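Record features (Swiss-Prot):
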- GLY43, ILE44, GLY45, LYS46, SER47, THR48, LYS72, ASN213, ARG214, PRO237, ASP238, LEU239: ATP binding site (BINDING)
- SER47: Mg(2+) binding site (BINDING)
- CYS128, CYS162: [4Fe-4S] cluster binding site (BINDING)
- 1-23: region 'Disordered' (REGION)
Amino acid sequence: MSPLDRTPPSLRGQDGEGSVQVHQDETAKIEGAKVFSVYGKGGIGKSTTSSNLSAAFSMLGKRVLQIGCDPKHDSTFTLTGSLVPTVIDILKEVDFHPEELRAEDFVFDGFNGVKCVEAGGPPAGTGCGGYVVGQTVKLLKQHHMLEDTDVVIFDVLGDVVCGGFAAPLQHADRALIVTANDFDSIYAMNRIIAAVQAKSKNYKVRLAGCVANRSRETDEVDRYCDTVGFNRIAHMPDLDAIRRSRLKKKTLFEMPDDEEIVQVRKEYIRLAETLWNGTEPLAPAPLPDRDIFELLGFD
């Protein structure tokens, strides 16, 4: 049986009975652009992956907008070279009167013309990240910033399954998961798959695949993917050059042409081409927690 023919397992907390959702404003739909949301375990390298992917799309001649969806607001700093103000910060300055804002107040130019926005978020333990994402998209539409955009990338906070996690899925065509060749990262990926599968019952989003990041090998990632019917669509090795690029506040496309960096750039370009050309909508069957331990646990 094809993985696409499997019925996803019944999940507690899925859309429907007992599920509290941040509902999409119909006027805030993103139309015309291809939209990708990037997920993964906290600290796995989502921002590095998102920024270099945005840069790769721009090198292919695409008009790109990256939206950081984390209160840390560091998603785009390798594109812009700085920590830019968040939408929430800017709204506070005008006492939450968005009509007083100009696009240049919250949209910043990054490497090779990539447009950069940091949605920000409420202080820890307060507010709703989903509301912040929704307001950011609404502002972008009001200022016509989405009309001349080919690709939108949402870089989403950690592996928290809440309104902030779900809001980008309301806009995305495909969800991409950043993982590594270790138990904790794959365990988080399994839970993210379950959450995205639940959301895809009501939204158009489908899973595109995963990126093995900061990993010398991919054997455990591949074993998991083979088991659940998922795909690894890129591999970014564990290179010190990638860490150096982040310390220098630059994308890999701005770093010296070392052989290792050139190879990783090629992988990002290949990933961008794969996503632009379209990926098969995957429907993996996430494993129960006990089965994950049995699959990946030590003998």
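Glycine residues also receive a Cβ, built from the backbone N, Cα and C atoms like all the rest.
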(message) Long-range neighbours only, meaning 6 or more apart in sequence with Cβ under 8 Å: which ones does SER47 (ATP binding site) have?
(response) GLY68, ASP70, ASP74, SER75, THR76, THR78, ASP155
(message) Among LYS72, ARG214, the binding-site residues in question, whose Cβ has the most other Cβ atoms within 10 Å in this structure?
(response) ARG214
(request) Measuring CB to CB from ASP238 (ATP binding site), give everything in the same chain under 8 Å that is also at least six residues away in sequence. (result) ARG214, SER215, ARG216
(message) Let me spell it out: for each of the binding-site residues (GLY43, GLY45), count the other Cβ atoms within 10 Å of that residue's Cβ, using every protein chain shown. Which one has the most?
(response) GLY45
